[in-house]
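The structure appears below as C-alpha cells.
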Amino acid sequence: MPMHGAQRKLLGSLNSTPTATSNLGLAANHTGAPCLEVSIPDGLFLSLGLVSLVENVLVVAAIAKNRNLHSSMYCFICCLALSDLLVSGSNMLETAVILLLEAGALATRTSAMQQLHNTIDVLTCSSMLCSLCFLGAIAVDRYISIFYALRYHSIMTLPRAQRAIAAIWVASXLSSTLFITYYDHAAVLLCLVVFFLAMLVLMAVLYVHMLARACQHAHGIIRLHKRQTPAHQGFGLRGAATLTILLGIFFLCWGPFFLHLTLVVFCPQHLTCSCIFKNFKVFLTLIICNTIIDPLIYAFRSQELRRTLKEVLLCSW
C-alpha cells in the first residue's frame, strides 16, 4: 500500500508534493516510460516494526535492570534503543490507523484525524532525529574512550551524559515541531539533509581516526614481539571491513530517505524523481531495518548486556 501525501504532513510531503503527484500520472501517460515501484506489503512492514519494537524494548529493559550498565556509554545505547523503538512504533501506529480507516473500521472527525497525524508526525520526526543524534553521540563517546582513555571517566561523567541526552531529546522535539509546522518550505528539508550529512561525516571521521589509531597500536605490538607483517595487514583489513559495514549500513538505510528529501526540493516535477517518490515506503522500511540492526551492532556485542538479557527473558517466562 503506497502512502499518499494527504495522509502525512512532513513525511507525507516527502512522499509526494501536490505538484509532483498531480503531474505524475500525466507524465507517465505521455512518455509511456515505466516506473520501478517496489511494493512493500503492509504485513511485512508491520512485522519488521514489531521485531524492532521487541528488540529495542529488550535492550532498554536489560540496561535498566543491570546497574553495572548505568554508565554514560550504555546510557547513549539505551537512548538509541528508545529512539529506534519510537521510530518503529510511530510508523507502525500510523500504518495501522491508515489500514483501519481504509477498512472503515475507524470513523472519526477530520479535525481529530489531522491532530492525530500531526502528533504522529512530530513523534516520528523527533525520534528519527534522536536516533541520528545518538548514533553520533556513541561515536563521540567511543572516540573519547580511545584517545583520552586516562581522562575518559572524568570527561564522560554520568551527569554530563545525562545533560547531553536531555539536550538531544529537547532539541529534537522542538526541531520536529518546527519542521512539521513549516514542512512546505524547502529550507526545512535542506536542514534535515544537511543534518544527516553532518552526522555521516562526523561518524566517518571519528571511526576512521579510531581505526588508524587501532592499526598503529597493533603495528607497535607486532614490532615489539617481532611478528610478521601479514598479521598487521590482516588486522587492518578486518578493521576496515568492520568500519565499512558500520558506515555502509548507516548510509544504505538512511541515505535513500534523505536522497528523497533532496529530490523533493530540487526536482519535484521531474519524471525520474517522480518515480523515486513512489518508493517512499521502501525508504521508511530501510530505516525500520536500521532500527533492527542497531542493537546487533551497538548493544548485543556486550557480554554483560547479553547476560542480563538472558535474565530478563528468563524472568519474563
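Cβ atoms here come from the backbone N, Cα and C positions, even for glycine.
What Swiss-Prot annotates here:
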| type | residues | note |
| --- | --- | --- |
| TOPO_DOM | 1-37 | topological domain 'Extracellular' |
| CARBOHYD | ASN29 | N-linked glycosylation site |
| TRANSMEM | 38-63 | transmembrane segment |
| TOPO_DOM | 64-72 | topological domain 'Cytoplasmic' |
| TRANSMEM | 73-93 | transmembrane segment |
| TOPO_DOM | 94-118 | topological domain 'Extracellular' |
| TRANSMEM | 119-140 | transmembrane segment |
| TOPO_DOM | 141-163 | topological domain 'Cytoplasmic' |
| TRANSMEM | 164-183 | transmembrane segment |
| TOPO_DOM | 184-191 | topological domain 'Extracellular' |
| TRANSMEM | 192-211 | transmembrane segment |
| TOPO_DOM | 212-240 | topological domain 'Cytoplasmic' |
| TRANSMEM | 241-266 | transmembrane segment |
| TOPO_DOM | 267-279 | topological domain 'Extracellular' |
| TRANSMEM | 280-300 | transmembrane segment |
| TOPO_DOM | 301-317 | topological domain 'Cytoplasmic' |
| LIPID | CYS315 | S-palmitoyl cysteine |
**OP:** Sort out for me which stretch, of 73-93, 241-266, 280-300, has the most Cβ pairs below 8 angstroms to the transmembrane segment (164-183).
**Re:** 73-93
Subject >> Stretch of maximal Cβ-Cβ contact with the transmembrane segment (119-140) [cut-off: under 8 Å; candidates 38-63, 73-93, 192-211, 241-266, 280-300] >> reply: 73-93
Original post:
the topological domain 'Cytoplasmic' (141-163): which same-chain residues, six or more beyond its ends, come within Cβ distance under 8 Å?
Top reply: 70-73, 75-76, 206, 209-210, 213-214
**OP:** Enter the number of other CB atoms within 10 angstroms of the CB of CYS315 (S-palmitoyl cysteine).
**Re:** 9
Original post:
Is the topological domain 'Cytoplasmic' (301-317) packed against any residues at least 6 beyond its ends, judged by a Cβ distance under 8 Å, and which are they?
Top reply: 58-59, 61-63, 65-66, 68-69, 74
Original post:
Cβ under 8 Å to the transmembrane segment (280-300), counting only same-chain residues 6 or more beyond its ends: which ones?
Top reply: 1-3, 11, 14-16, 38, 40, 44-45, 48-49, 51-52, 55-56, 58-59, 62, 77, 80-81, 84-85, 87-88, 91, 128, 131, 135, 138, 246, 249-250, 252-254, 256-257, 260, 306, 309
Original post:
Any residues 6+ beyond the ends of the transmembrane segment (192-211) with a Cβ under 8 Å from its own?
Top reply: 129, 132-133, 135-136, 139-140, 142-143, 146-147, 179, 239-240, 243, 246-247, 250-251, 254, 258, 261-262, 265
Original post:
Going by DSSP, is CYS315 (S-palmitoyl cysteine) part of a helix, a strand, or coil?
Top reply: helix
Original post:
Which whole number is the mean pLDDT over the topological domain 'Extracellular' (184-191)?
Top reply: 86
